[in-house]
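K.L.:
Here Swiss-Prot flags 42, 43, 44, 45, 46, 47, 48, 49 as ATP binding site. Per Swiss-Prot, the feature domain 'ABC transporter' maps to 6-229; the stated evidence is sequence analysis.
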């Protein structure tokens, strides 16, 4: 078994546009250890989302290998890749996409039921996560009755519902004001660590990234460790 929950080895990705080929990932590599929260920093269009899509097995890279808990995925068929993604990976996006007709608790219960978790256990897990994220008094509120920060915390709980080993977050606080962003990220960080998971967080916010365990920056499709001046 690998010491890392996620490994990307020399990932290459090029998109074909009307203007020609557009390389966005040029040999990008990283390793993510259990309990580690890593910031992925770069401007819009630098390739952060493409890297997360490759890491989350949503897209196949043109070259390179993605290993999840030591399992190589390059040569697996789509069904096997989907099984790994559902079992081991959770996603948090800038826009939460909560189901509007369900309350906060139901939004966390539903993905567990889909995964085959018994209803009572799924409800208990949902209550525990939402309480840990400071939403104990908002369990039965629908998304429209929650603030933006509360909605994003529900989205974090949903991503953690099935106890993934890896959490991939794409600008998880990007649409929030600074104070709310700080509150949501603190809840995110504390909950991820309490769960024993690891997280890769894409952001253009250097201040937010500075609160993570380490930072990787994008430049010309390559990942490099950030070294403070």
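Note: Cβ is positioned from N, Cα and C throughout, glycine not excepted.
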K.L.:
Counting other Cβ atoms within 10 Å of each residue's Cβ, which of the binding-site residues 44, 46, 49 comes out lowest?
P.N.:
44
K.L.:
The domain 'ABC transporter' (6-229): mean pLDDT?
P.N.:
89
K.L.:
Would you please pick out, from the binding-site residues 42, 43, 47, the one with the fewest other Cβ atoms within 10 Å of its Cβ?
P.N.:
43
K.L.:
Going by a 10 angstroms cut-off between Cβ atoms, which of the binding-site residues 45, 48 has the sparsest surroundings?
P.N.:
45
